[in-house]
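Per TrEMBL, the features are:
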type    : residues                       : note
BINDING : MET266, GLY268, GLY270, ASP310 : Ca(2+) binding site
Amino acid sequence: MAWWKAWIEQEGVTVKSSSHFNPDPDAETLYKAMKGIGTNEQAIIDVLTKRSNTQRQQIAKSFKAQFGKDLTETLKSELSGKFERLIVALMYPPYRYEAKELHDAMKGLGTKEGVIIEILASRTKNQLREIMKAYEEDYGSSLEEDIQADTSGYLERILVCLLQGSRDDVSSFVDPGLALQDAHDLYAAGEKIRGTDEMKFITILCTRSATHLLRVFEEYEKIANKSIEDSIKSETHGSLEEAMLTVVKCTQNLHSYFAERLYYAMKGAGTRDGTLIRNIVSRSEIDLNLIKCHFKKMYGKTLSSMIMEDTSGDYKNALLSLVGSDP
């Protein structure tokens, strides 16, 4: 399933709106769960992981109206560690959450390029526009300018190009002549010459529609006798390589891309909790069910079984509740 079709699939949703919803008793349940000594974490999980984001916003309003306190701040003061990080992530409206993740990836020393690449390469033009708007509202600066200030060289160029959302043409029309020309241009810019014309790769990967690119990749393989991924791996390295490969993967199959992100967040020693939380939270109301199916096909185990092996406590229970039943 290519990336631009992934936004309209209701069966992909793991967290749905609760029917017969009333925010007042939910707000009261949360208040009682955090009142006095100790915290009833399970009650928090039961409410917040079983409501849609829109419903969580209503619960937060009711909480403030009834108890005169900010729900997110109260949660932060009562919870800690990875569990706190996950629950607080659930409380952000989606675009503000992604804006926060991008801001956190750039603030302080060092830049988490992987986070920026993941978000920019996998979102549609409309989503990117909303993320940029939320970013400016919350942080008082332009996302594009912050990315330019924080990255350099070809990585900066590919990220700025991705931010324009030019790939987001959902027309299924492909000009075979242009696709063939693009494939020849990519071959001439990489395999055919010593060194690489990176800008040619960036321009084609960032400005052509997904349907067009799929045809380009097919033609490329015939000309070069190797896949576009293998050429990118041999022609580039580091974050630029990661960015180009991410565009290719998201073009070919968005759900497989997110399945791979989740798998490598947990594989081996240690867990990349930021990646795990961000992808489960941000996909839970879009296509997490479809990602789960791809995960099982690709790795021969379920996403929830890997979460059970890799995490523990309330954090584990909350993640499993968001992921839902196995495919």
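Cβ coordinates are placed from backbone N, Cα and C, and glycine is handled just like the others.
Because TrEMBL annotations are produced automatically, they should be read as predictions rather than curated entries.
Highlighted in sequence order, ALA265, LYS267, ALA269, THR271, ARG272 have their Cβ within 8 Å of the centre of the Cβ atoms of MET266, GLY268, GLY270, ASP310, the residues recorded for Ca(2+), and are not part of that set. For the binding-site residues given as MET266, GLY270, the lowest number of other CB atoms within 10 Å of the residue's CB is seen at GLY270. Taking all protein chains in view, 17 other C-beta atoms sit within 10 angstroms of the C-beta of ASP310 (Ca(2+) binding site).
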